[in-house]
Amino acid sequence: MSKVAKATIGLMVITLISKVLGFGRDLVLSAFYGATMYSDVYLVSLDISRLVFQVIGTAISTTYIPLFFDNIKEGGEEKGNYFTNNVLNITISIGIVISIFAFIFAKPLAKIFASGFNEQALKLTVQFTRIILFGTIFSGLSKIMQSYLQSKGEYYISGMIGFPFNIIIIASIVLSKYFGLYILPIGAVLALASQFFFQIPRSKKRGYKYSLVYNPKDRYIKEMMMLTMPVMIGVGASQINTMVDRTLASQLAVGSISAMKYADRLNTFVLGLFISSITIVIYPMLSKLKSEKQYEKFNEYIKTSINVVILMILPITAIAIVLAEPIVVLLFERGAFDSAATQMTSAALAFYSIGLIGLSLKNVIANVFYSMQDTKTPMYNGVIAVVINIVLNLILVKYMGISGIALATSVSSIVCVVILLLSLRKKINGINFKSMTATFIKSIIATVIMAIVVKTSYHFGVGILSDSKIVSLLMLGISAALGGALYIVIVKVLKIDEIDYVFSSFKKKLLKNR
C-alpha cells in the first residue's frame, strides 16, 4: 500500500493548496456580495449550468477508467488513444446539443431551481446561466482528461486544476465590482475552460495524441453507454437533491441559498481534500486489480480505505459541529457578510456536518462498485437518497428552516451509506467487515471525548481572554490541536491499526521531500 499512501498524501498536499484558493474565492465572494440577491443569483446560475453537464460528464468519466484498461489490455497504447479520442469527440457532440437545449429553456430551469426568486433575480439568473453554459462542455472534457491521467498514474493533476479555476473566479469577482455583474458569468466560462487546457501538456507527455475519431458503434462505446445510464441516473438523483434544497431555501429568508452554499463549501473542502484524494488514487488501482483478478489485494485496499476514511472524518465532523459558529465568523463575517448571515451559515454547517461521514463513505464505496463495472447498485442507492431527502425536507423545513434542509441531507446520506455497505457485503466475499465495525465504534468513542475537550477548551479560553477574532482564531487552533492530540492518543490506546498506516504514510512523504 506504500504506492497508494505516497500518491494519496501527495495529492492531499496539492489539493489543500487548491482548496485554500477555493476558500479564498468564497471569502472574496462573501466579502463583496455577502448573502444577498446577487450572490444567490450567481450561485444558482453556477448550479444550473453544472447540472446541465455534470450528470453526463461524471457518468462518462466514471465508466471510462475500467474500460480504458480493457482497451490497453487488448491493443496497447494505440487502442487506448483511439478509445480516449472517441469518448472525447462523442462527449463534445452531446455537450453541444445539451447546451443548446439548456440555453433555450434557461428560464424554466431557473424557475425550478429558484422558485422563490422575484422577477429581477429570476431575469438575472437566466442571463447568467446562458453565459455560463458556454463553458459547461469544457467541464465534461476536463473530467475525461483527468480520468486518462489517473489511469496513467498521474494523480496530482486532479488537485492542480483547481489553481487556474480559482484564480480566474477570484479575479472575476473583484473585477465585477468595477466593470459590472456580467464579468461574473464570463469569468466562470474562462475558469471552466482553463481546467481542460491545463491538463493537455501533461497528457501529451504521457502519450496522448488527439485524432478526429467518431465511432459511436465501437463495442467499448456501446458498453460504456450501458454502464453510463445507471451512473447518470445516480448522479442525476444527487442533482435533484441539490435542486430541491435550493428550491426550498429560495422560499426562506433572503440569503438562505448563499448561507447553505457557504456551509456546503466547508464540507466540500473536507470531501475534496481527504475523500477525493483517496478515491482518485484508489479507483484506478481497484479497476486494474479487478481486471487482473488480484482479489485478495483488491479486498485489502477496500478495507483499508474505508477504515482510514472513518478514522479521519469523524474528528473533523465533531469539530465542525461544536465550533460551527466561530469557524463561520472567522472565515466569512466581514464586509457584506453580517451576523445574520453568520447565524444561518453556522446552523447549516452544523447540520450538514452530521452527514459528512455518510457522504465520505458513499463516495469511496460507490467507486468500489464502479471498479467492478457495477453501476446499478450506486444508482439504486442514489434514488433512495432522493426519496428520503425530499420527504425529510418537506417535514423538517417547516420546523427548522434552513437547518431542516441540511439535516435532511445528512440523515439521507447516513441511511444510504448503511444500505450501500450491506450491498457491498453481499457482493464481495473476503472483506473484513468486523474490522470496519470495530474501527467505527472505537473512533466514535474517541471522537465524543475529543469533542467535549475541544468545545470546553475553546469557550474557556475565549471566556478568560476576550471575544476578539484574533483570540478566537488562537483558541480555535489550540483547542483543535489539543483535541486532535487527544484523539490520536485514544485511538492508539484502542489499537486502531490504520492510525499507524496514516502516520507512516505522512512520515514517508515528508522524508521523501527533504
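Including glycine, each Cβ sits where the backbone N, Cα and C put it.
Quantities reported herein were computed from a predicted structural model and do not represent experimental measurements.
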Annotated stretch (transmembrane segment, per TrEMBL) among the listed ranges 107-125, 126-144: 126-144
Are there residues at least 6 beyond the ends of the transmembrane segment (87-106) whose Cβ is under 8 Å from a Cβ of it, and what are they? 48-49, 52-53, 56-57, 60, 64, 126, 129-130, 133-134, 136-137, 140-141, 144, 210, 212-214, 216, 221, 224
With Cβ-Cβ distances below 8 Å as the criterion, list the same-chain residues six or more beyond the ends of the transmembrane segment (126-144) that contact it, or say none. 41-42, 45-46, 48-50, 52-54, 56-58, 60-61, 64, 84, 87-88, 91-92, 95-96, 98-99, 102-103, 106-107, 109-110, 161, 182, 184-186, 188-193, 195-196, 199
Contact ranking winner - 48-67, 181-200, 266-286, 306-332, 402-424 against the transmembrane segment (220-240), Cβ under 8 Å: 48-67
So which of 181-200, 266-286, 306-332, 402-424 is most in touch with the transmembrane segment (436-458), counting Cβ pairs under 8 Å? 306-332
At a Cβ cut-off of 8 Å, and with pairs 6 or more apart in sequence only, do we get at least 3 pairs between the transmembrane segment (470-490) and the transmembrane segment (306-332), yes or no? yes
Counting Cβ pairs under 8 Å that are 6 or more apart in sequence, does the total for the transmembrane segment (306-332) and the transmembrane segment (266-286) reach three or more? yes
